[in-house]
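Just below is one structure, and these are the notes that go with it.
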Amino acid sequence: MSKKRNNLLIAASGTGGHIFPALAVSKKVEKDWDIHWLGVTKRLDSEFVPSKYNLLTLNLETPKKNIFRVFQYLKILFSIFNIIKILKEKKINLVFTTGGYISAPTILAAKWLKIPVILHESNLIPGTVTKYFGFLCEFVLLGFKDTNYYLKNCKTIFTGTPLRDQFYEINPLPKWVPRGKGPLLIVMGGSQGAKMINEIFYESIDFLIKQNFRIVHIIGENNSNNLVKFKSNNYVQKKFTNQIASLMQNCELVISRSGAGTINELIQTGKPSILIPYPNSKNNHQEKNAMILSSIGGAILMNQNQISKLFFEETLKRILKFKLKKGKPKYEILDLMKENIKNLDTLKSTNEIKKLINYFLKEF
């Protein structure tokens, strides 16, 4: 007779910012728990959640600002009944969630059944779910210490944001990355891509190639129809890559949005960056995230609505200016930015979160 196991439901869906921290945690605790994953149809979940986890999906949509918004919220609300059914059928002992609109009905369903919930908030400014439903959770885990200021009615614990194992390992540069003597730039817009960053970059691509920069451009899955065909030995364009840790560890500069996951990856790898926050993020949280690095001189923050081609190019020229020292380029500004990033604390947060999750293990 097989030994009875504890059942953990992970509710994480939508963007890499929600999915990747949950994946890092699930890998740490999978030996002790049977993992069931609650996601949303037609999102990134099916691509990244391993088949060994029991992936369950609900047909929900992100509430948009249109005449159907009320119906979309009602659909999320009514999904509580489906989630209650799942929690009962799978005999769930604990729920772990990383925010997003899948989290709210999951927290309410678990609360109804008196199942404990652990919620992780990776942004500096807490999202809507954390703000309004965090008090219902057993613990709210924080990616940044200062987030505690906004959550006085929650049981908070600072753990940092869990990253995938590859960020704690030394990874060689992928073979498909351009080789050469020029500095390596990584341009990306998060797991879904960023159309505006791509457009800003395309305007300056000729300039960048002439400067002998090597470029890896991650355009995002949602922007595959906006490919610009540009041939150069120093330029590679990809929809997505699972080797992002390797790229960040071996590059000179990252140009990116400023989701919480990206900020933590930059801190872990110690890489300077140009951060272009998504201007329509909830509570302007991406700009607040970016300021964690820009305020200490570890990143340059650019306002999307104020970037010009000239300003973008001049900024790159200035920070990538180098002097030859013993035959090797020395990037004085980048080196200073790297030193500034070292002042920030990093935690192997997956170990801390594992301890908290395993606190709820039941003996059978």
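Cβ atoms here come from the backbone N, Cα and C positions, even for glycine.
Quick look at what Swiss-Prot annotates:
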type    : residues                                            : note
BINDING : Thr15, Gly16, Gly17, Asn123, Arg164, Ser191, Gln286 : UDP-N-acetyl-alpha-D-glucosamine binding site
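Listed binding-site residues: Thr15, Asn123. The one with the lowest count of other Cβ atoms within 10 Å of its Cβ is Thr15. Taken residue by residue with DSSP, Gly16 (UDP-N-acetyl-alpha-D-glucosamine binding site) is part of a helix. According to DSSP, Arg164 (UDP-N-acetyl-alpha-D-glucosamine binding site) is assigned to coil rather than to any helix or strand. Take the binding-site residues Gly17, Gln286: by the count of other Cβ atoms within 10 Å of each Cβ, the lowest one is Gly17. A simple way to gauge crowding: the CB of Gly16 (UDP-N-acetyl-alpha-D-glucosamine binding site) has 18 other CB atoms within 10 angstroms, across all the protein chains here.
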